[in-house]
Each structure stands twice: as structure tokens, then as C-alpha cells.
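As C-alpha cells, the structure follows; a few thoughts come after it.
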Amino acid sequence: MTDDRSPLSRLSDQRVEYGARGEVAAGTDPFTFFSQWYAEAQAEIREPNAMLLATASDSGPDARIVLLKGVDPAGFTFFTNYTSAKGLQIAADARVALVLPWHDMHRQVRVQGIATRTSAAVSDEYFAARPRGAQVGARASHQSQPVDSRAAMHAAFDRVEAEFADAEVPRPEQWGGYTVAPHRIEFWQGQANRFHDRFVYESADRPAALDDAAAWTVARLDP
Ligand SMILES: Cc1cc2nc3c(=O)[nH]c(=O)nc-3n(C[C@H](O)[C@H](O)[C@H](O)COP(=O)(O)O)c2cc1C
Ligand SMILES: Cc1ncc(COP(=O)(O)O)c(CN)c1O
């Protein structure tokens, strides 16, 4: 049991009412819709590119936050370690889901699609643009593997620093991007009385270019 002073008590009393932003209409292609919403999120949300990435594989569902680093009509791109848990899960089953949780705007965007690795050239270009410390960290980390201690992590970091002391840090070959090509994308706007606006774009289960209006059907969903 939690006592009354615990932050975990009375969770059921916590209630935020939505609806101040007014109603939302569909009508444009999903790329235009997403671009408009992203621009608005950029102005209001602290880290609007933080998104949930859900994976599925034989070991069951899994989910974690990653950073959206690019969007174009082909899809949504993030970067990670290909030998991490998520990398192995995507290798086993490339179907993934993304959620952009823009709580403070009472909005979320949900994406279902297929993840494929970005080209080495795209991964190289993004890796080269990261701060040097993050490059060193990426080389020093076997992401998602057990490590003995913080000291062992620092020793691995220092070894990489020493190895490339006077040189650029090259992208490790197991680090790179994925682009999620969507076949379903839903825009959710919270409304009063939990009577929200939901618009879902679907492309017949096949990934389609987000700006190809003819490839998508749009439906309003009950909240
Ligand atoms: C705000 C935020 C952003 C993150 N961005 C990334 C990212 O872009 N790439 C990444 O590999 N991990 C990122 N992480 C760490 C992941 O959530 C996760 O801990 C890590 O990738 C290992 O996941 P896995 O074991 O499921 O592969 C981020 C975490 C947070 C909280
Ligand atoms: C382990 C890891 N890898 C990659 C990233 C992406 O960050 P960056 O903006 O440095 O590419 C993050 C962001 N939190 C991270 O935690």
C-alpha cells in the first residue's frame, strides 16, 4: 500500500482536461500534416524529436525513446547501434511503431512502418556531424551489453580517445541509421470530454511516400 503522502497515491485523481486548441481537420497529405504539426511542436515542446520506438520480435514487444533526426517523404530516420537490443529486434522483424508524445500540446502522432538501414553514406554524414564526445562514446559502447562498472566505461572511452587523439573519430560500422517507411500514420488531438480528434492515413499496408496524396486514404476515428 502507498500512504497518502506518497507521490504514487491518488494517481486516479490526476486529470488534465484537453480541448483548448480547437478542432482539427484532415485534408492534406500526411507529409504536409506532419510538417505543420512538427513546426508547432518545435515552438512549444522542449525535445519534440524524442519519440518512442516500439519493436516486435520473437522475444516479445519492446520499446524505448530515440531521437528523430530526419523526416522526408520516404520516412522517419533515427540513429543507433545496430547490435543493440533494438538493432537485433529490427533485424529479426523490421515492423516497428513510433509515437511522438507531445503531451503539452495534447497531441500525439503514431506511425507504423518498416525500418530499413540508411546507406553508409547517410550514416557517415550524420555521425561526422555529432559532437566528438558522442562519437567517442558511440565507439566505446557495446550498447545494451552488460558492463562491469562506470570505471570500465570510462576506461573504454579513454582508450578510444587515445586511439584517435589527433584524428577524426570514424563511424563504427555497427552504428548507423534506420528510416521507418510508414504505411499508417495517425494524428491525435485531445479534445474536451475525452472526445478527441483522430485522423488516420493508411496506404494499403504498403509503405508509401508521405507526400503522395493519392497513395493514402484518410479516416476519422472515434476517440
Ligand atoms: C530522450 C532520449 C533520447 C534517446 N535517443 C536515443 C537515440 O537517438 N539513439 C539511441 O540509440 N538511443 C537513444 N536513447 C537511449 C534509448 O532509449 C535506449 O536506452 C538505448 O538505445 C538502448 O535501447 P535498446 O537496449 O532497446 O537497444 C535515448 C533516450 C532518451 C531518454
Ligand atoms: C545512446 C544514444 N545514442 C544516440 C543518441 C542520439 O543523440 P545525438 O543527438 O547525439 O545523435 C542518444 C540521445 N540521447 C543516445 O542516448
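The backbone N, Cα and C atoms fix where each Cβ goes, glycine too.
Note: TrEMBL annotation is automatic and uncurated.
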*Per TrEMBL, R64, I65, V66, L67, L68, K69, F79, T80, K86, Q108, Q143, S144, R198 bind FMN; matching candidate in W188, W216*: W188
*Rounded to the nearest Å - Cα separation of Q143 (FMN binding site) and R130 (substrate binding site)*: 17
*Could you check the binding-site residues V66, L68 and say which one's CB has the fewest neighbouring CB atoms inside 10 Å?*
V66
*asked:* If the criterion is a C-beta within less than 6 angstroms of any ligand 2 atom, which of the binding-site residues R64, V66, L68, K86, R130, F195 pass it? List them in sequence order.
replied: R130
*Can you name the residues of this chain that are 6 or more positions from R130 (substrate binding site) yet have a C-beta less than 8 Å from its C-beta?*
A138
*By CA distance, which of the binding-site residues (Y126, R194, F195, H196) lies nearest to V66 (FMN binding site)?*
Y126
